[in-house]
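**Q** Okay, handing you the structure first.
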Amino acid sequence: MRRHAIILAAGKGTRMKSKKYKVLHEVAGKPMVEHVLESVKGSGVDQVVTIVGHGAESVKGHLGERSLYSFQEEQLGTAHAVQMAKSHLEDKEGTTIVVCGDTPLITKETLVTLIAHHEDANAQATVLSASIQQPYGYGRIVRNASGRLERIVEEKDATQAEKDINEISSGIFAFNNKTLFEKLTQVKNDNAQGEYYLPDVLSLILNDGGIVEVYRTNDVEEIMGVNDRVMLSQAEKAMQRRTNHYHMLNGVTIIDPDSTYIGPDVTIGSDTVIEPGVRINGRTEIGEDVVIGQYSEINNSTIENGACIQQSVVNDASVGANTKVGPFAQLRPGAQLGADVKVGNFVEIKKADLKDGAKVSHLSYIGDAVIGERTNIGCGTITVNYDGENKFKTIVGKDSFVGCNVNLVAPVTIGDDVLVAAGSTITDDVPNDSLAVARARQTTKEGYRK
């Protein structure tokens with residue numbers, strides 16, 4: 001059976017009080033609507049149509065070709081929004097799910113179960129519901145004496161007795177696609193909001209003797225909609241708990257989950273330890289037996305087995321096995337550290353390749369460079385890579401020793417087994433097995449201060 005999805009993403013989100021389009025506000029480093037799209041695609045649908053309105057181009061820019069789009073010029077209600085997908089879906093057979101773009105916590109597993117329940121019951125429509133303690137603002141599930149769905153009533157149209165019901169509609173539905181578009185043309189806007197409500201389609205189906213099912217989820221967090229910054233914060237916290245819980249169940253030690261933020265696309269190997277205050281985002285891959293020290297930040301990077309990152313920032317970089325970074329080091333984009341490398345305190349590495357066993361232990365800047373195997377870079381060494389217009393490369397061979405407070409003025413190549421004396425400013429290439437000294441000879445005037 002063919003399956004389709006409609007994501008409702010046309011709302012202005014005035015309560016967010018933001019210039020940014022509502023569904024593009026981020027949860028766990030990713031726009032809300034992107035979380036929804038990934039869950040929808042993961043549920044196995046064949047085609048997705050996203051309904052966009054204000055800020056349409058920005059949504060398209062994020063989702064790209066993963067979705068088709070329909071434009072809703074006026075926001076006249078959820079039924080009106082779904083009807084905008086008519087040109088893409090009206091003649092399709094199969095099941096269509098409707099999901100709100102501001103429900104970033106919905107999972108593909110719940111959508112798969114909703115679709116299966118809907119199709120197994122041979123229903124024309126199925127609503128995803130939940131029972132919550134504070135149902136204010138949600139449509140209520142009104143059941144008849146036999147427990148079947150009678151209707152869904154919106155908050156502003158509900159009687160007091162209906163407002164006391166704590167089973168609510170999530171705003172997520174599964175429909176027989178043909179039935180959906182047939183009934184949408186019959187929906188009226190005679191309600192307190194003057195809008196065309198999608199739940200009215202369910203009433204029309206029931207009035208014709210059709211089958212409408214309710215599938216209740218026990219995970220209330222999944223259906224949480226985000227309408228303001230407070231709810232955005234709640235969604236962020238919920239996603240954080242979910243992600244950390246997943247990693248801990250898969251063998252990762254997280255010392256303080258409440259202060260640890262791990263993005264949804266991060267992978268972490270077993271027996272890795274994450275200390276308090278850590279942030280790991282983007283498409284970061286962390287191996288086994290790694291230690292990420294407190295207050296470190298890692299983005300879009302690869303950390304191999306046995307490495308240790310202490311109170312450092314790592315962006316778009318790679319760290320080899322058993323390598324030690326920090327404390328207070330910064331790996332900028334393009335930093336590539338081999339195995340058993342040491343990058344110590346107050347060292348900055350940018351677009352540089354440090355081969356296995358290389359050491360840069362203190363107070364150095366290494367940029368646009370290659371440092372050979374087992375080479376030691378002394379405290380205060382600087383690669384002078386920029387002339388105000390262009391960047392130039394520094395190459396240091398293997399098994400070399402660069403003393404403290406050395407300037408390597410690029411472009412320059414230092415060979416293998418070279419000793420560069422402390423305090424030197426090196427402007428010329430140095431061949432293998434050499435000593436390079438480039439500093440003024442010391443003059444001492446005895447008795448000068450008497």
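Glycine too: its Cβ is placed from the backbone N, Cα and C atoms.
OK, Swiss-Prot features for this one:
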{"type": "ACT_SITE", "residues": "His362", "note": "active site, proton acceptor"}
{"type": "BINDING", "residues": "8-11, Lys22, Gln72, 77-78, Gly139, Glu154, Asn227, Arg332, Lys350, Tyr365, Asn376", "note": "UDP-N-acetyl-alpha-D-glucosamine binding site"}
{"type": "BINDING", "residues": "Asp102, Asn227", "note": "Mg(2+) binding site"}
{"type": "BINDING", "residues": "Asn385, Tyr386, Ala422, Arg439", "note": "acetyl-CoA binding site"}
{"type": "REGION", "residues": "1-229", "note": "region 'Pyrophosphorylase'"}
{"type": "REGION", "residues": "230-250", "note": "region 'Linker'"}
{"type": "REGION", "residues": "251-450", "note": "region 'N-acetyltransferase'"}
**Q** Please find, for Asn385, Tyr386, Ala422, Arg439 as listed binding acetyl-CoA, the greatest distance between any two Cα atoms, in Å.
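**A** Comparing all Cα pairs, the maximum is 22 Å.
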**Q** Where Arg439 (acetyl-CoA binding site) and Asn376 (UDP-N-acetyl-alpha-D-glucosamine binding site) are concerned, what is their Cα separation in Å, rounded?
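**A** Answer for this pair: 20 Å between alpha carbons.
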**Q** If you skip the near sequence neighbours and keep only those at least six away, which residues in the chain come within under 8 angstroms of the residue listed as 'active site, proton acceptor', Cβ to Cβ?
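**A** In sequence order, Gly344, Asn345, Phe346, Val347, Cys379, Gly380 meet the Cβ cut-off.
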**Q** Taking the Cβ of Lys22 (UDP-N-acetyl-alpha-D-glucosamine binding site) as the centre, how many other Cβ atoms fall within a 10 Å radius?
**A** 27
**Q** Quick one: pull the CA-CA distance for Asn385 (acetyl-CoA binding site) versus Gly139 (UDP-N-acetyl-alpha-D-glucosamine binding site), whole Å only.
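**A** Gly139 (UDP-N-acetyl-alpha-D-glucosamine binding site) has its Cα 63 Å from the Cα of Asn385 (acetyl-CoA binding site).
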**Q** Quick one: among the binding-site residues Gly77, Gly139, which has the most Cβ atoms sitting within 10 Å of its own Cβ?
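**A** Per the Cβ count, the most surrounded site is Gly139.
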**Q** Have a look around Leu8 (UDP-N-acetyl-alpha-D-glucosamine binding site) and count the other CB atoms within 10 A of its CB, chains all included.
**A** 27
**Q** Summarise the region 'Linker' (230-250) as counts of helix, strand and coil residues per DSSP.
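**A** Split into helix, strand and coil, the region 'Linker' (230-250) gives 20 helix, 0 strand, 1 coil.
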**Q** Can you check what DSSP calls Leu8 (UDP-N-acetyl-alpha-D-glucosamine binding site), collapsed to helix, strand or coil?
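**A** In the DSSP reduction, Leu8 (UDP-N-acetyl-alpha-D-glucosamine binding site) maps to strand.
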**Q** Using C-alpha atoms only, work out the spacing between Ala10 (UDP-N-acetyl-alpha-D-glucosamine binding site) and Asp102 (Mg(2+) binding site) and round it to an integer in Å.
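**A** On Cα coordinates alone, these residues lie 10 Å apart.
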**Q** Where does Lys350 (UDP-N-acetyl-alpha-D-glucosamine binding site) sit in the DSSP three-state scheme?
**A** strand
**Q** Between Asn376 (UDP-N-acetyl-alpha-D-glucosamine binding site) and Ala422 (acetyl-CoA binding site), what is the CA-CA distance rounded to a whole number of Å?
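**A** That comes out at 12 Å between the alpha carbons.
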